[in-house]
Each structure stands twice: as C-alpha cells, then as structure tokens.
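Asker: Here's a structure for you.
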Amino acid sequence: MNPKNAHLATHYLQFDRAQWASLRDSVPLILTEEEIIRLRGINENLSLEEVAAIYLPLSRLLNFYISSNLRQRAILEEFLGTHKQNVPYVIGIAGSVAVGKSTTARLLQALLSRWPEHRRVELVTTDGFLHSNKVLTERGLMKKKGFPESYDMKNLVKFISRIKSGAPKVEAPVYSHLRYDIIPNQKKIVQQPDILILEGLNVLQSGMDYPHDPHHVFVSDFVDFSIYVDASYDLLAHWYINRFLQFRRGAFSDPNSYFHHYAQICEKEAMTVARRLWTEINGLNLNENILPTRERASLIMTKGDNHEVKSVWLKK
C-alpha cells in the first residue's frame, strides 16, 4: 500500500472496481448509450459499463443518504411542531481541471432525477461565480483564474446559503467557456430543487485553508455529501493537453472564442502552450489549493487510464 493509500485507509473504506460494482444491487440502468454520449466530456470514453459499475452504486448510496436526511428532517419538524420546509440536499463535486467533474455532475443529475421519487435535481457550476475578466484584469489575476482569489466568494456563499435556507427562487450567474467570461445580465434560476449538485474546483475549501481568519464561511459548510474526483498528476496533465488540442481543432476555431488565436498555431506550438498553461496555472492550482482538500470529501473516486474509475474511497 502506498503512503497516500495507507493514510486514506485510516479514515476511508476502500473498494476496488469489482467490489464497488457489486454494490449496485438491483438498480436498473435507465440511461441509453445515446444519452451517455451526450453527457460525457470532450476527452472521456464514458461507457455503459462504467455507468453500471461505478455510477449506479454511487446513485444508490446517495439515495440512501438523501432518504436518511429526509427522515431526520421529518423527525425534527415533528418534534418542533413546524411545517415541512423544502431544503435542498447539496452534493458537492470537486477535483482538478480536466479530471471529469462536469461529466460526473451531469451523470449524477440524470441518474438521481430518475429515481422513483422523481426528485428535481439542479446542477450549478462555481464557474459562474468567477470574477469577470474585467475585474480579474484590474486585480492582476487573469493568470490565477480558478485559484481561490479569482472567485466572488461572498456571492457564492450567499447563493448556497439562500439555497439551504429554502429560498423559493435563487439566481446564479452564468459563465461562458467560449467567451472565457461571465455572461452579463444572464442568470440561472434555481427554484427549490430536491437536490442541488454544485460542481467546482474549490467546493471543499474550509476555514482550515485560512487559519489566520476564523470568520470565513465556506461553501463546504453547506454541502451534505461531497465527491472528489481524483487522478494522478501525470494523467491529469495528459488529459488537459489532449483536451486543449481537441478544443483547438473544435471550439477554438469559433471566431467568438476567447482562445481563437490558438486555432491559428501549429500542433507542436499548441502542445507547448498547453504544457505551459498546465504547469504554470492548472497544475499549480491543483497542488496548492485543490489536492489539499481531497480528504475532506465524503467519497473519493480515483481514475486510471481512459478516465475509468479504478477505486472508490468512502469516508467511515
């Protein structure tokens, strides 16, 4: 057992792929191959087998947790003599750029919304709470995009706290990956879902990251169950570079793309740019700010080659 796994074993139950897959029980696969193709990311080979082996057991586990949460709330309301309030169950999904957080989030949204309870499941990404490029430029933070200081944490915490207080309608800003910026005057309306999936790089940050300021309130304070999607540094770098090259041949060719100029350079130069962006920005952010939050997650999914999950760690 390597040092990382030995440390995790103290606080987590470990499952290899086969052990985890056996926990699916009788949960049916309710997604078609066409739907899975629509859900997966640009650089991922998500298969029906992966959904059955990894995500169906996960959706079953989450269903148990959510049902337990509802029962606990009902007991408290009966004790207090209060009326039932619709408070969303919040699932946080964290991990590095290029690890496949968005695919995991979309897949869980599709699976959880199809459980017999017909729950309404909303998905919000923390990208919408990045400061605008104008603000980041003024503060000299354009090369720190995705780092904690690049987020409007005050509004993000306000958003999630209103969600958890049962507010009937909450607005979230919308981010465009094409424009690489917030879309002005565009909002996503979240109206009391049963489940909210919040996906982002730093959703597991807590006061431990700011020891000299005990007054911070963090997104993680409002999360009921958290998932960290993990992979080795080398795999993440490889996936990031491949994704960049695919974007260069696709989305970057759009004249409206913020990165349109990268579509004009040769493949060799594009690889050099991608490696630099990974090393100087995304890899640095991973090591400094994202990876240290991994062991705060309720569950860690560790990926191997081809984005296949090879092990799952569930907090005891």
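Cβ atoms here come from the backbone N, Cα and C positions, even for glycine.
Below are the features listed in Swiss-Prot for this protein:
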BINDING   Gly95, Ser96, Val97, Ala98, Val99, Gly100, Lys101, Ser102  ATP binding site
Asker: Which entry in the list of binding-site residues, Val97, Ala98, Val99, has its Cβ near the fewest other Cβ atoms, using 10 Å as the limit?
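Answerer: If we count Cβ atoms within 10 Å for the binding-site residues Val97, Ala98, Val99, the smallest count is at Val97.
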Asker: Using all protein chains shown, find which of the binding-site residues Gly95, Gly100 scores highest when you count other CB atoms within 10 A of its CB.
Answerer: Gly95
Asker: Write out, in the order they occur in the sequence, the residues of the chain not among Gly95, Ser96, Val97, Ala98, Val99, Gly100, Lys101, Ser102 that have a C-beta within 8 Å of the mean position of the C-beta atoms of the recorded ATP site.
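Answerer: For the ATP site the neighbour list reads Val229, Leu236.
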Asker: What's the number of neighbouring CB atoms sitting within 10 A of the CB on Lys101 (ATP binding site)?
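Answerer: Neighbour count, Cβ to Cβ under the 10 Å cut-off: 22.
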Asker: Would you identify which of the binding-site residues Ser96, Ser102 has the most other C-beta atoms lying within 10 angstroms of its C-beta?
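Answerer: Answer returned by the neighbour count: Ser96.
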Asker: If you run the three-state DSSP split on Ser96 (ATP binding site), which class comes out?
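Answerer: Once the DSSP labels are grouped into three classes, Ser96 (ATP binding site) ends up as coil.
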Asker: What three-state class does DSSP give Ser102 (ATP binding site)?
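Answerer: Its secondary structure by DSSP: helix.
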